[in-house]
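Q: Encoded as structure tokens, here's the structure I'll be asking about.
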Amino acid sequence: MAHERGHLQLPRADAIRSKLIDTFSLIEHLQGLSQAVPRHTLREILDPACQKKLMLGDQEQLVRFSIRARRMGHITHAQRLLSRLRVRCGGRPPLSLWAGWVLDSSIFSNFIISLIFLNTFVLMVEIELMNSTNTSLWPLKLALEVTDWFILLSFIVEILLMWLASFFLFWKNAWSVFDFVVTMLSLLPEFVVLIGVSADSVWLQLLRVSRVLRSLKLFARFPQIKVILLALVRALKSMTFLLMLLLIFFYVFAVAGVYFFKEYSRSTIENLEYNMFFSDLLNSLVTVFILFTLDHWYAVLQDVWKVPEASRVFSSIYVILWLLLGSIIFRNIIVAMMVTNFQNIRNELHEEMTHLEVQYKADIFKRRIIQRRQQSESLRGTSQGKVSEDITETSEATDEEKSEAEESEEEKSEEEKSDVEKSDEEKNDEEKSDEEENDEEKSDVEKSDEEKNDEEKGYTEKVYSGRTFVERSYAERSFAGKAENEKVQKELKEKAYPGSPPNSSSHDEAFAADDTYLENLDWETLVHENLPGLMDMDQDDRVVWPRDSLFRYFELLESLQYNLEERKRLQEFAVQALMNFEDK
């Protein structure tokens, strides 16, 4: 079927095809091995007792391997490396495998986290002792300097281990690149001092301050902080155009402020506190941002009103309009978008967690089903053992009964010989008594035969109770399925002909009308009408399908997956065609 559909490959269709092959053993038929059908399962091979028995008795038989899909979690780089042929066939494990093992160990991770906290504490103490001239504190400063170098070297060793584990994956990970940049920025001032740059240089002081950025290495260590940062980045991405619009309004109001407050900025009146706020474009942008935060807006407005040349109306309109647009409207929009984005992220995480919970419950349910099957198989094995014991007991009982019957027959033959040797007179006199005794013996023999037959029937019923129970269960299931089908047909008949009695003379006509009704009935209505009855049925009942029907069912189900995929693509093509048509 997959070759008929071309290069299109669907996981569902492949799963259905594998199920079909597993059910009907098509691999053996295609390879000409239909006569060699596997008789044993993998469970029997794994069982030591069964394996020993099979190896002693039947070594050349095939084994059916039941391959099931297994959900794998996060596959680490070390696991990928272990599955490579070069590593598996090599004599010694590579250094990259050892480096990955060290990086993944909890001891090393906790050691790096403790160094990050220690680095924060050391920087805090160094800042406090920076301007101190007390000579008694020099050993403490030396210890802090040594600790700082030890922390820096530990971070460099960590980066080297990451490179040794996988150099290309290191540069593909954004958190690893961030870690590398922070470490190199803290290492750069030491090299600059070795080159000969003065320690009092401003750039060198800035580079030394960059050592504080080592505390940001915690972001890459805790997944919770990563989630918060990713949520912030995602929220800012969704607000890109809103921020662009806000920046445009910032620029417009900054330029307008330079023109509106020109007299105020050039005024010679003394005691003006904010006359430099609108002197040029940069100061005007800073002032607009201050007004955006609702800070000093009334003080600035009162200071502007001190200048008679500045219009009170235009200055008031400028400030109030910017407060309405920027501080009230834009700020609330930003807050609302941030809240909605965080809510969407939370809903997505909640859906993912519920999906994982449902998947976990489904796995537990599957395990219970497997345990139930194993228990049923063990019960069948015990019942078969009991049946074999009953068979041996009945065979021994029948042998004993046969020996007793032979002994009784020999005694009767001896008695008859002694009776023949008697005289004729005694025979004539005792004919009547003999006849009566013979009648009594016949009745006793018949009774004993009947009792033997009853006992044999009881034994046979005990012997074959297990087998007949299994056969009855299968027959009862098929009969129950037929009864359910007849019940559904009766309900459909009653819906189609509500006034007709069930036992009418025109049974054939009603049955023909029922067939026509089922043919004309829509599939969805048929399913909806029969769905309550199907839900009320016992879920343990199984319907046995014929082999050809089951094979056809799998084929149709596989073709349905391809048809659904083709329908989806046709819908996409139709949408694309309509969009192109509207563009033209």
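Here the Cβ of each residue, glycine as well, is placed from N, Cα and C on the backbone.
So Swiss-Prot says this about it:
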TRANSMEM  107-129  transmembrane segment
TOPO_DOM  130-138  topological domain 'Extracellular'
TRANSMEM  139-164  transmembrane segment
TRANSMEM  174-198  transmembrane segment
TRANSMEM  202-220  transmembrane segment
TRANSMEM  238-260  transmembrane segment
TOPO_DOM  261-279  topological domain 'Extracellular'
INTRAMEM  280-292  intramembrane segment
TOPO_DOM  293-312  topological domain 'Extracellular'
TRANSMEM  313-339  transmembrane segment
REGION    376-460  region 'Disordered'
REGION    480-510  region 'Disordered'
Q: Please give the sequence-distant neighbours of the transmembrane segment (139-164): residues at least 6 beyond its ends with Cβ less than 8 Å from one of its Cβ atoms.
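A: Cβ under 8 Å, 6 or more out: 95-96, 99, 102-103, 111-112, 115, 118-119, 122, 125-126, 129, 170, 176, 179-180, 183, 186-187, 211, 214, 217.
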Q: Do the transmembrane segment (107-129) and the transmembrane segment (238-260) come together with 3 or more C-beta pairs under 8 Å, pairs six or more apart in sequence?
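A: Checked: the transmembrane segment (107-129) vs the transmembrane segment (238-260), no contact.
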Q: By DSSP, what is the split of the topological domain 'Extracellular' (130-138) into helix, strand and coil residues?
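A: The counts are 4 helix, 0 strand, 5 coil.
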Q: Which numbers of helix, strand and coil residues does DSSP report for the topological domain 'Extracellular' (293-312)?
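A: The breakdown for the topological domain 'Extracellular' (293-312) reads 10 helix, 0 strand, 10 coil.
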Q: For the topological domain 'Extracellular' (261-279), give the DSSP counts of helix residues, strand residues and coil residues.
A: 4 helix, 0 strand, 15 coil
Q: Quick test of the contact rule: Cβ under 8 Å, at least six residues beyond the ends. What residues does that give for the topological domain 'Extracellular' (293-312)?
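A: For the topological domain 'Extracellular' (293-312), the far contacts come to 260-261, 263-264, 267, 269, 271-275, 277, 287, 319, 323, 327.
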